[in-house]
Amino acid sequence: MCGIIGYIGEKKVSDVLVKGLSRLEYRGYDSAGIAVLNEDGISVFKEAGKLSQLKQMIHGVELTGHLGIAHTRWATHGEPSQRNAHPHTDCTETVAIVHNGIIENHEEIRASLIRQGHEFRSDTDSEVIAHLIEEYHVKKGMSLVQAVRVMLGQLEGSYALCAISQKDLNQFVAARNGSPLVVGVGRGENLVASDAPALLDHTRHVIFLDDHQMAVIKRDSVEIFDQHGKPVKHEVHRIDWDADEASKQGYDHFMLKEIEEQADMVERILRTRLRGELSEHLFDVLKFDQSEFNNVERIVIQGCGTSWHAALIGKFLFEALAGLPTEVDVSSEFRYRHLVYQPNTLVLSITQSGETIDTLMGVRRGKSQTYKTVSICNVLGSTIARESDGVIYTQAGPEIGVASTKAYLAQMTILILLSLYFGKTRNKISGSIYDEFVSELRTIPSKLKQVIQEKEKIREIALKYYEARDFLFLSRGINYPNAHEGALKIKEIGYIHATGHPAGEMKHGPIALIDEKMPVVCIAVRSSVYEKMISNIREVKARHGKVIAIATEGDSSIKSIVDDCVYIPACSEFLSPLLVAVPLQYLAYYVSVLRGNDVDQPRNLAKSVTVE
Ligand code: G6P
């Protein structure tokens, strides 16, 4: 969590940094700050709260200079406040740093630095970095590059950091270990940021730093070194995302834009993956023989948050369409639980950001068991993508709203394709059934557009219930994970207590919560468990609960037993989670707007969770 950016070049550095921070604000928004270097020294501006506070602070200030660093924070050590905001400087204000990660041995280092006379001005773990650099660079006279290298040798924990020095106007230094960092290679300018969208206004050419690497960034050059100071060869990648994709393009919120681009996105994914034989276009990276993949006998899927919900849907798909035994685990549990070894197990990791620490540790856990690891990931070159043995990119484009929407649909789309692939290679589905699925899949984008037409209806429902204190979400079968997802969305951005349950479990507890004030969202689309779901709806109504149903177009009978109803177009049960998710996203969106919440940057959350 936290976003950092560094820039050197001709442009007005404060503008570049502030714009870059606005692209990174999804990573944390407890405080923001910039440090700009010029011949008079380092000017630091930082403020608690969102980036808008910092913008107000520097409005009208003439900041000259062409080199600077900036930070947007998600607090870990030290409360969100101005004093804990980055950049941090050393005692002599010669050096300024920004840091994303956690320095685990900061207390020990801090105590030793205090004994040597250093004065600390914040409660953060990060400030030790500035003082350590001071020790070597200011006191012992080492160059900034040397001082950073020696300093890094003392740190335990994770970091992506940038450092500038008043004694060196021509370069800055960046380093990573465990937190992401991307170098943007421009013309007469170079940048570093936590994530590619912050660079796209300036360049599409990027270098993904690896752990224990350090970059020395000058106006006309980028040099990468390993921890021993040995130059490292690096590959320059081209990013296909457009800078515009990371902007609101006239929508009120990123979340709304991201919900509404899902139809085009699914169409794009299908176009890329189904442009010939699925087997040829399935993987973007595969570091082992595809036949090994085909011989998998068990899948363990792991992920967090919304990605975990996609994983739960994946289990239904793999078991039903490919006859593959599948386990699903939340990554924070998977990484610590006792694993029973079984040969030919595939660890499939699902992650939008590719940086979630628990999911990353789950990948490493899988590898430690000698399992092959494949990830379904959205962010190109992210740590999980690079550490996995195989990668299928979801190609959802940048997702900025903190609550995940389009990444979820993209993950489900890939899982459907993967299960069809396994179904076919394992002879569990015939060629004609496969073809039927594929042709129905191709109708999903237009069906998604139809669901989007229902948004006004969903807004009216939100108007009726946005003041509720609790929400229940019930479903069965392949859509039961969507009950969890609906509840998560309402919690994340509505700040309303909500829980999702398999509807059959309602009688074992949740039913006690039902009274005339309780909105219960019941996913009752046509499926093998439809009748059971209708019985559950009747049980809720018998206790005077308010039922909001998500049903299949043409199901007129359901209307008479529920309070409100949103229809989705008819489709195969296996594809229905794609359509069901959208009304749930809209419901949370409108509830959040009506409650006056910050839709895109809900309190206490961050999009990329790089702490345990
Ligand atoms: C955070 C985000 C969620 C996301 C989860 C997992 O909690 O707010 O929207 O689902 O992390 O993130 P990942 O990037 O691994 O999918």
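Don't overthink the numbers, they just go from 1 along the chain as shown.
Here the Cβ of each residue, glycine as well, is placed from N, Cα and C on the backbone.
All TrEMBL annotations are machine predictions without curation.
Note that the coordinates shown come from a computational prediction; the quantities given were computed from them, not determined experimentally.
Annotated in TrEMBL:
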- C2: active site, nucleophile (ACT_SITE)
- 2-220: domain 'Glutamine amidotransferase type-2' (DOMAIN)
- 289-428: domain 'SIS' (DOMAIN)
- 461-602: domain 'SIS' (DOMAIN)
- K607: active site, for Fru-6P isomerization activity (ACT_SITE)
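Cβ neighbours of the residue listed as 'active site, nucleophile' (same chain, under 8 Å, six or more residues apart in sequence): R27, G28, H71, T72, R73, W74, H86, H99, N100, G101, S194.
C2 (active site, nucleophile) carries neither a helix nor a strand DSSP state and counts as coil. In the predicted model, residues of the domain 'Glutamine amidotransferase type-2' (2-220) average a pLDDT of 94. For the residue listed as 'active site, for Fru-6P isomerization activity', the same-chain residues lying six or more positions away in sequence with a CB closer than 8 A to its CB are Y26, R27, Q352, S353, E399, I400, V402.
Each residue of the domain 'SIS' (461-602) gets a DSSP state, and the totals for helix, strand and coil are 70 helix, 30 strand, 42 coil. Residue counts for the domain 'SIS' (289-428) under DSSP, split into helix (H, G, I), strand (E, B) and coil, are 64 helix, 28 strand, 48 coil.
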